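Attaching a single structure in structure tokens format; questions to follow.
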Amino acid sequence: MKIALVGNPNCGKTTMFNHLTGSSQYVGNWPGVTVEKKEGRLKGHKGVIITDLPGIYSLSPYTLEEVVSRNYLINDRPDAVINLVDATNLERNLYLTTQVVALGIPVIIALNMIDIVRKSGDKIDIKKLEKEFHCKIIETSAVKAIGLMDAAKMAVRLAAAEKTHQSFALFSKKVEAALSEISTLIGDRAMPEQLRWYSVKLFERDQKVLDAMQFPDSLLQTIESIIVAAEQEFGDDSETIITNERYDFIDEVVSDCVRKAGKKLSVTDRIDQVVTNRFLSLPIFIAIIWLIYYISVTTVGTFVTDWTNDTLFGNWLTNGATQLLTSVGTAGWLISLIVNGIIGGVGTVLGFIPQMMILFFFLSILEDSGYMARVAFIMDRLFRRFGLSGKSFIPILISSGCGVPGIMATRTIESEKDRRMTIMLTTFMPCGAKLTIITMMVLTFFPGSSWIAPAMYLLGIAMIAMSGIILKKTRLFAGEPAPFVMELPAYHLPSLKSVLLHMWERSKHFVIKAGTVIFLACSLIWFLSSFSWRLQMVSNVEASMLASIGHMISWFFAPLGFGTWKGAVASISALAAKENAVGTLAVLNGVSDTANSHALISGIGSMFTSVGAFSFMLFNLFNPPCIVAMSTTAKEMNSYKWTAIAIGYQMALGYGIAFVFNQLGRFLLLGKSFDVGTALAILLIAFVIFLLFRPAYGSHPKAEKIVDGLEASR
Amino acid sequence: MKTLKDAQPGDTVRVAGILGEGALRRRIMDMGITRGAKVTVRKVAPFGDPIEITVRGYELSIRKSEAENIELS
């Protein structure tokens, strides 16, 4: 038996779902899209599966979440629907209900947040409301766990009875007449209980339904003539007629069933008077962000990450494993694989987890409390210019600590186009590991320079902005910006349970999915750097396969100014973890301890020119991030094509920026003569300027652009 | 004709109709901004866009470019 939870965003649906299913949930994606799909078994009813549909406002054909929900409700036909309605916001919530009751599936309305309504003194006449919507209503409070199980049990009973929901007339007589004409026409082409749904959708000229039904032209023409007749009578288009009449119906019902206790300034209003105040909002915003960043990235986060990396993995586990393996007489190569390859590599990755969990903890609080919507409200203006949205701010900020949680934080962006672009660009922000590369290069070539490190962050921001402008003009991201008609939900005190659950869900996926990829990658790099082609273990990296691969591909890096095998090998190993760039250079220069900076500085200093060093740094900052971040990208994009596009673009940008810098630097700073490379660099800059200022893709009429936009967002 | 973009913070206005087409127009209507609905402009975001409005008893953020599609009576 399948029961679906349907409701607006922020109506308490997730809290209810967690309560009903406990720990038996499975979180995945709906097929082919990045919309989250959650399922779980109802506590105490093994045979009942509850599906938490995405939070939606309507069942229109225009947004991914709505289409996913519609398809599920129409094609998979759950046995009952629990429609969660926020009782403090009846009008807009019941709008979805007017659509859900037309599906022919038994519906229970869970009138949620009833505790807040009672406290405010408002009275809702439940009996009347039940009669108007022809279905059972249960009063619930997801946060206080009131009535949730009752609603679920009622749904189970209803589903077991196998009755369909009786549709009822809620539109005006004229519209109902048109609808019944349509339903007579299509009567033999749809299931009787879905007839109402299809009639309304056809009347609205819902493109998705029209495509799916594949009616003969003659039938379509007859239906069209019915619609046109109604439109002429109303002087409006059919979609507007339906929407208006739904809200008219709700207006009437609400004025009949609800007695307001009189208006007071709500808590949310009072908070927002301060928090989104024109003058105070920015300082408050900066203070909150700084606090989160300070706790999760700089202080506590760094402390636990360092402890996990240096003490737990770097010391206890490494030494323990070495001792244990030695004592049982394990072969030297196996110890090396386990200790250096696996514990070292996977440990580095797992070291990020405590930090990530702390960060996700705070992010969940921001989201659950309703502040995240205010962040988007405040920042939208700035980010929209670059084809991003206000919600891109948080991921980019987090990426300055670590790109992996940064990419994962894009989950809060609803528009798939914005989300993809944010994933692609967010890792241009130098992360903590990249900072070690910057520090090393500054120490070696530009000692005492205080402007290079901040300049790299600014350059990162500039690259995000530039890429945003360029990409938004390409076919991939073309089209109207996603509507930013966004609810600013009432503030809630988030419940600890749901915050922790949120945090755990995100971290768990990272551990499992990324863990497997990273494990393989680390083993591979260890293997290549510890063995020669004859598969003999080597103690000197110079004799390893990795070195000869470095020799083979060093030509690729020559135009960037560091075409030595060492530079090549360092750049490859930086893909495993960015700080490896420095570590590898240390090893290749025969410095066993990266802390021994004098030896390292002179070693690296002899490898590069200052221009080449800067170029090496730029390349490693802007080419694709480490394997962990790349596998997270793949997971979050949930598409091979988009993963390839993202990593391809990052590769092109990293190579391009290092190329331009090196070629121009050689000519301008090192006094080399003007050659093909210099000319190519100038051409490349001209090309980028062209990309920045050319007209956007498809500057044809609006309607087509929207279609393109929808296609691009698939 | 006056649109919601022209309304100032503190103004309470009535919607006459929604311009445009497709996804944006439907979204605006789905959120309860339909003909005859009462809308109060609350404030403008610190960088001058978007604006915050109250409609049907809840708070909504909408860009000025989108508010331009909402005609007032």
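Placement of Cβ uses the backbone N, Cα and C atoms for every residue, glycine included.
The feature domain 'FeoB-type G' is assigned by TrEMBL to A:1-161. Sequence annotations record features per position, and here TrEMBL assigns transmembrane segment to A:94-114, A:279-296, A:386-409, A:421-445, A:451-471, A:510-533, A:598-622, A:642-661, A:673-693.
Walk me through the surroundings of each of these features.
Proximity of distant same-chain residues to the transmembrane segment (A:94-114), defined by a Cβ-Cβ separation under 8 Å and at least 6 residues beyond the stretch ends, is recorded for 6-8, 11-12, 16, 56-59, 73-74, 77-88, 124, 126, 129-130, 133-143, 146-148, 151, 154-155, 158-159, 161, 163-165, 167-168, 170, 191-197, 200, 246-247, 249-250, 253-254.
For the transmembrane segment (A:598-622), the list of distant contacts is 428, 430, 434, 437-438, 440-441, 443-446, 456, 459-460, 463, 557, 560-562, 564, 566-567, 570-571, 574, 578, 581-582, 585-586, 589-591, 650, 653-655, 657-659, 661-662, 665-666, 669-670: same-chain residues at least six beyond its ends, Cβ to Cβ under 8 Å.
Same-chain residues lying 6+ beyond the ends of the transmembrane segment (A:673-693) with a Cβ under 8 Å from its Cβ atoms: 466, 469-470, 473, 559, 656, 659-660, 663-664, 666-667.
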Considering every residue in the domain 'FeoB-type G' (A:1-161), what is the mean pLDDT value?
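When the pLDDT values over the domain 'FeoB-type G' (A:1-161) are averaged, the result is 90.
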Same chain only, please: residues at least 6 beyond the ends of the transmembrane segment (A:421-445) with a C-beta under 8 Å from a C-beta of the stretch. Say none if there are none.
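Those are 297, 302, 387-388, 391-392, 395-397, 399-403, 406-407, 410, 413, 452-453, 456-457, 460-461, 463-464, 467-468, 471-472, 477, 574, 577-579, 581-582, 585, 597, 600-601, 604-605, 608, 610, 613-614, 616-617, 620-622, 624-626, 629, 633, 636-637, 645-646, 649-650, 653, in sequence order.
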